[in-house]
């Protein structure tokens, strides 16, 4: 019986709670752990697109997502002197169509966690050792506790500690696409009203948006650089690098950076893809960015997480808990979808951060039209199996 199959899910981002939801719905017994003290508030804006929209509706959370969406009404391109070059309707500016929705990462995770309120979840917990044999997986926690599970599913992000413990370095690749991304919340000092501003020039891009939280604004930075940080996880090194990279950029950039110390949700990372021939090893599976991050610029990581969660849990149900059969199908079914979205991620990375002094209306419209067409294609480039 599947209800006796105990599954540890590592990570409370999008993929972790999503796969826990489907595991419980399909009759398994998942438990969640998360190294942070609580669900992180705010964060980057994420899109629910294509097939992922259908999955959100099946989960009964789509209406809640719509109620908490960002509601950006207008997007404006500005030059480094602050002159408005042109503007677009909010959904077009964000490359969204039909019933696709944008929501802050923290709000989406909060919705997902409410949907799995009956599933045990332990915060401030992490794994320091994983051992497996033919019968089970033995997990040693940082507090010294040792537990046995039938399966482990790791959804602990692009810098997955689980991936490093379970897979050898020749079994995965971190492919740096040559750019960096940063985001953090600051006071809405410009008084933006459901608006996003974007300034792009000389391989760099700065955005500022404010939506339903009128007193706050989300700042975003993307830029190309060949410089490699000594420690990509060192926040002080990240902030120094960001300051140095944008010190002469113009527009509102210095005003935004001067407010960076006020932020409590600073995010910074290299724009990277994860590539693996197999996302499973024995009784352990990777999911979401830990397995197949398509790059933050693609806007597709959220959708890969939703689809991957549904298929992994569904194949375990279909195989009646036979993890070897289920994991094989998970790899087979999802790889073409992942490859299409990762190829799109590379293309987006190359089409943004232009060397031009400014992005003309013609360039922006041509790029927008191509992105809309490509997103619609890659977001729906899989036929979802039915498991119920």
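Using the three backbone atoms N, Cα and C, a Cβ is placed for every residue, glycine included.
Spatially close to residue 267 (FAD binding site) yet at least six residues away along the chain are 43, 44, 181, 182, 183, 184, judged by Cβ distances under 8 angstroms. Taken from Swiss-Prot, the feature FAD binding site covers 12-15, 34-36, 44-47, 105, 267, 289, 296-302.
Taking every protein chain shown into account, 15, 46, 297 are the binding-site residues, and of these the Cβ with the most other Cβ atoms within 10 Å belongs to 15.
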